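*Asks:* Attaching a single structure in structure tokens format; questions to follow.
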Amino acid sequence: MAAGCLLALTLTLFQSLLIGPSSEEPFPSAVTIKSWVDKMQEDLVTLAKTASGVNQLVDIYEKYQDLYTVEPNNARQLVEIAARDIEKLLSNRSKALVRLALEAEKVQAAHQWREDFASNEVVYYNAKDDLDPEKNDSEPGSQRIKPVFIEDANFGRQISYQHAAVHIPTDIYEGSTIVLNELNWTSALDEVFKKNREEDPSLLWQVFGSATGLARYYPASPWVDNSRTPNKIDLYDVRRRPWYIQGAASPKDMLILVDVSGSVSGLTLKLIRTSVSEMLETLSDDDFVNVASFNSNAQDVSCFQHLVQANVRNKKVLKDAVNNITAKGITDYKKGFSFAFEQLLNYNVSRANCNKIIMLFTDGGEERAQEIFNKYNKDKKVRVFTFSVGQHNYDRGPIQWMACENKGYYYEIPSIGAIRINTQEYLDVLGRPMVLAGDKAKQVQWTNVYLDALELGLVITGTLPVFNITGQFENKTNLKNQLILGVMGVDVSLEDIKRLTPRFTLCPNGYYFAIDPNGYVLLHPNLQPKPIGVGIPTINLRKRRPNIQNPKSQEPVTLDFLDAELENDIKVEIRNKMIDGESGEKTFRTLVKSQDERYIDKGNRTYTWTPVNGTDYSLALVLPTYSFYYIKAKLEETITQARYSETLKPDNFEESGYTFIAPRDYCNDLKISDNNTEFLLNFNEFIDRKTPNNPSCNADLINRVLLDAGFTNELVQNYWSKQKNIKGVKARFVVTDGGITRVYPKEAGENWQENPETYEDSFYKRSLDNDNYVFTAPYFNKSGPGAYESGIMVSKAVEIYIQGKLLKPAVVGIKIDVNSWIENFTKTSIRDPCAGPVCDCKRNSDVMDCVILDDGGFLLMANHDDYTNQIGRFFGEIDPSLMRHLVNISVYAFNKSYDYQSVCEPGAAPKQGAGHRSAYVPSVADILQIGWWATAAAWSILQQFLLSLTFPRLLEAVEMEDDDFTASLSKQSCITEQTQYFFDNDSKSFSGVLDCGNCSRIFHGEKLMNTNLIFIMVESKGTCPCDTRLLIQAEQTSDGPNPCDMVKQPRYRKGPDVCFDNNVLEDYTDCGGVSGLNPSLWYIIGIQFLLLWLVSGSTHRLL
């Protein structure tokens, strides 16, 4: 009872301190503070409304309704038309694939194998030839073509349509009999390549990837420009590309079983670790995998206790775990295989439900574990592949028997150089049932999104397997061949798909997106992977092709729809329905992350979706309520067109304001430029020469930009220019859907930093989703211009109703001078007379902090000079204890989101971080041990070095220097996290006491009506030391969500509808095993280890 009375007394005293009416109290009353805030709000809104001319622009749109019509955005109709267009595009590409595959099978069947070729008999263009033809030599039996290249805008590189190009992996000798035969028969594909292009000039890369590693692609283009990337080792192998892996075999359920007994130690253990990592790289997102180790007992190597999807994050977890395994104990194959079969046959978890495989990596042993195979695999539905790793004297018989008796294959990995080739050849075995199935397996598949190796940017690839249809005769019976020749592929750029989903009538917050059966997006405005390599840009990739390419681009860009947006239950439902191929529509309120990823807004969105027939993709259209209609200009009179276009000329900037035009594809012949002045000149010159209705132009786009140019010019001429200079206003601006940005006066426009593409302007998109005036501080940059130079931006969407239809065609605003605002701010919040030291917001007060924050928690105004120098900075870095308390009392809510498309400096990412879209990234520890780069590169050099003893000059293109090695690791894929803060409720006032242990700080806050601002008055942090741990909003490296938890509740997905994993006609007697290493190979291995020792030693010295 006494405690209750004490609590009541304490609360009463606190309330009297905070809201007591007497001017004698130490803290201003809530009524007083609200009166200050109401005056600030009135002054700010009146200033913004008057200076921006928001009402005047509404009047202009209403006045000139005869110059435009209001057209509906019928979401269902739009999404179905776009889906049909995408279906047609992919169908045309599929026809090209079928023609190529049929011709390849026909030509190869007629090809006569030859052991010898006459000099210069095989003619081809080697894509890795130096651009200087004098530096190229042909191998015996072949002759090099020297194409004439031209720069091609479609590919963004040098192209020859007269020839195809051939890429041969570095570790394959191009003069070998196998390669010469492949070159010989695949040359017939060139005519089909050309015919396909004649029928469809929009075709991009057409590629045949051979099971031998040779890749023939059309049109011809140099693989690399050696002047840009000198002395770089080429590690590309077509058989490791995601599209080849997907096309070569049906999905896989793979259990990798690793022997960690005491005999597996030293170099053998290191070889196993690297082999398992390489094996994991042969898996795609349609596959499922886990890794287990065994000695006298068996266990999972990681936290995964069952098969998991072979996406990049999960494979990274497994690789990290494998790198930490140690060897001890004795080998018990029975325990290992029992564990593997139990897990592989567990159907209670998500899995591929197709090829079931056990991959055994061991140094050998005497046990066959026959009873285990009899128990679990009598019907041989599980294939067993065995790998004898390292140099040892064990009898290979037992582990070879395991493979042969279980429809698998036996491989030997005696050294580093054998890893890459032997960890990918199992795909040939898995391809047997597909070949035997014949036409049933001839189904075009479309891949996930990935970065094209030849710098085309983001692409998807249609694939079709190519079979060896040559008959084999045994006992006078014609047996079908079961060898896969390779995979045919045709690329489709995402830019081509985007062109079928026009965006410029949807408003900036409307967009299309598409997903595949894994739920990964192939089309989405937030699909912006950052290229990995030297000199990484600091912004997201927006161009068609990145400037940097790297072997890591082989990995698909797997961004889940629920990671591309802010997840909620309705979006989960939409994703599931899209994967199931259903059509539907949902309208709901959702959180929306801003373009600059600093803010979160709330808005109503309508999602409309439909399947893309003939594919596994599904397409959706997202529209806010204010984009159900759009403006279509009807500038039929050339006089009006000319008058409006005149306002875009730089000579008129003094009168019309500095003008920007969005860089869009207005006309085919109009070159887009990043230089606004240059682009405007080109645009005006083009319009002067050709009318907007020219067949090469998009008349709707041009007429809309001209309409907006005219309307915004009238705002400048008839309103802004007639106003006297308004104190505190540095600039006025108007931005439109049509792509016009006008900044007045001209001088202010010369320092304008916003994106001229209005559809990608963060403040513009935010203004559309908010009914209030949106205040935005410039980015805080210690070394760059601050708020004093650029001012505070205030923006408001122009809202009009035409015949009852809501439109938001533009945003107007001003930039406020910081000094003027400070003067008004302090004047408004000064109390006279002031009876105590804490009764008002005196400038640079020692005892009182007064700040204005925006809805994201960024500082916009303060009564302290050291604060105002930090305008634009997140308040959690300025006063972290207060910001934490504001979150705790629900003034602010927050959302933590992850970016799986980031790149980081090596070592910057957390140790256990999992990059969402990386290929295997070698760590420093890897380099110090064997090193992925060093192994692959060293083996390639050694192989070709020994070959060059017979064929001089072979090594000329494969030199490697320490600087190149270091530079290649300058960036790596990683996950970053960022936290966005937003107002959590509609409460306008709040008060409290911030308890800091030995002291406390009273505070009171008020939101400014019709704005996104909040005023806070608080006792200075200098008077009461508190928690100083910074609260970070900015992007920072992260482990991401715990993958061990994520696999327990995997997201819904669907695998391919068909599976080719077994066939009764399969001949599995060819199951591997060689007669041992001949002396020359032992010699190669000896030199290889010597080189690796030298590389390792020099690396230690460098580090």
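Cβ coordinates come from backbone N, Cα and C, glycine included.
Sharing the record's features from Swiss-Prot:
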{"type": "DOMAIN", "residues": "253-430", "note": "domain 'VWFA'"}
{"type": "CARBOHYD", "residues": "N92", "note": "N-linked glycosylation site"}
{"type": "CARBOHYD", "residues": "N136", "note": "N-linked glycosylation site"}
{"type": "CARBOHYD", "residues": "N324", "note": "N-linked glycosylation site"}
{"type": "CARBOHYD", "residues": "N348", "note": "N-linked glycosylation site"}
{"type": "CARBOHYD", "residues": "N475", "note": "N-linked glycosylation site"}
{"type": "CARBOHYD", "residues": "N604", "note": "N-linked glycosylation site"}
{"type": "CARBOHYD", "residues": "N613", "note": "N-linked glycosylation site"}
{"type": "CARBOHYD", "residues": "N781", "note": "N-linked glycosylation site"}
{"type": "CARBOHYD", "residues": "N824", "note": "N-linked glycosylation site"}
{"type": "CARBOHYD", "residues": "N888", "note": "N-linked glycosylation site"}
{"type": "CARBOHYD", "residues": "N895", "note": "N-linked glycosylation site"}
{"type": "CARBOHYD", "residues": "N985", "note": "N-linked glycosylation site"}
{"type": "MOD_RES", "residues": "S119", "note": "phosphoserine"}
{"type": "TOPO_DOM", "residues": "25-1073", "note": "topological domain 'Extracellular'"}
{"type": "TOPO_DOM", "residues": "1095-1103", "note": "topological domain 'Cytoplasmic'"}
{"type": "TRANSMEM", "residues": "1074-1094", "note": "transmembrane segment"}
*Asks:* So what's the average pLDDT for the domain 'VWFA' (253-430)?
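*Replies:* Here the predicted model's pLDDT, averaged over the domain 'VWFA' (253-430), is 94.
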*Asks:* Select one residue from S119, N613, N781, N888, N985: among these recorded positions, choose the one with the most other Cβ atoms within 10 Å of its Cβ.
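*Replies:* Per the Cβ count, the most surrounded site is N613.
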*Asks:* Within 10 Å of each Cβ, count the other Cβ atoms, then let me know which of the glycosylation sites N92, N348, N824 comes out lowest.
*Replies:* N348
*Asks:* Work through the recorded positions one by one (S119, N604, N613, N888) and name whichever has its CA nearest to the CA of N348 (N-linked glycosylation site).
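*Replies:* Smallest Cα separation from N348 (N-linked glycosylation site) among S119, N604, N613, N888: N613.
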*Asks:* Select the closest residue to N604 (N-linked glycosylation site) from the following glycosylation sites, measuring between CA atoms: N92, N324, N613, N888, N895.
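*Replies:* Looking at Cα distances from N604 (N-linked glycosylation site), the smallest one goes to N895.
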*Asks:* With DSSP assignments reduced to helix, strand and coil, which class does N824 (N-linked glycosylation site) get?
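*Replies:* DSSP call for N824 (N-linked glycosylation site): helix.
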*Asks:* If I take the alpha carbons of N613 (N-linked glycosylation site) and N92 (N-linked glycosylation site), what is the distance between them in whole Å?
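*Replies:* Answer for this pair: 13 Å between alpha carbons.
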*Asks:* So if I measure Cβ to Cβ from N895 (N-linked glycosylation site) and keep only same-chain residues at least 6 apart in sequence, which ones fall under 8 Å?
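*Replies:* Listed in sequence order: L566, L591, K593, I600, T979, Q980, F982.
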*Asks:* Sorted by position, what residues of the same chain at least six away from N324 (N-linked glycosylation site) have a C-beta under 8 A from it?
*Replies:* V301
*Asks:* Rounded to the nearest Å, what's the C-alpha distance separating N824 (N-linked glycosylation site) and N92 (N-linked glycosylation site)? Just drop the number here, would you?
*Replies:* 65
*Asks:* Taking DSSP as the reference, which of helix, strand or coil describes N888 (N-linked glycosylation site)?
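*Replies:* Reduced to three states, the DSSP call for N888 (N-linked glycosylation site) is helix.
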*Asks:* Between the residue listed as 'phosphoserine' and N781 (N-linked glycosylation site), find the distance joining the two CA atoms and give it rounded to the nearest Å.
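*Replies:* Taking the Cα atoms only, the residue listed as 'phosphoserine' lies 65 Å from N781 (N-linked glycosylation site).
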*Asks:* Run through the Cβ atoms and count how many others sit within 10 Å of the one on N604 (N-linked glycosylation site).
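*Replies:* Other Cβ atoms within 10 Å of N604 (N-linked glycosylation site): 13.
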*Asks:* To the nearest whole angstrom, state the Cα distance for the pair N92 (N-linked glycosylation site) and N985 (N-linked glycosylation site).
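*Replies:* Rounded to a whole number, the Cα-Cα distance is 52 Å.
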*Asks:* Helix, strand or coil by DSSP: which one applies to N92 (N-linked glycosylation site)?
*Replies:* helix
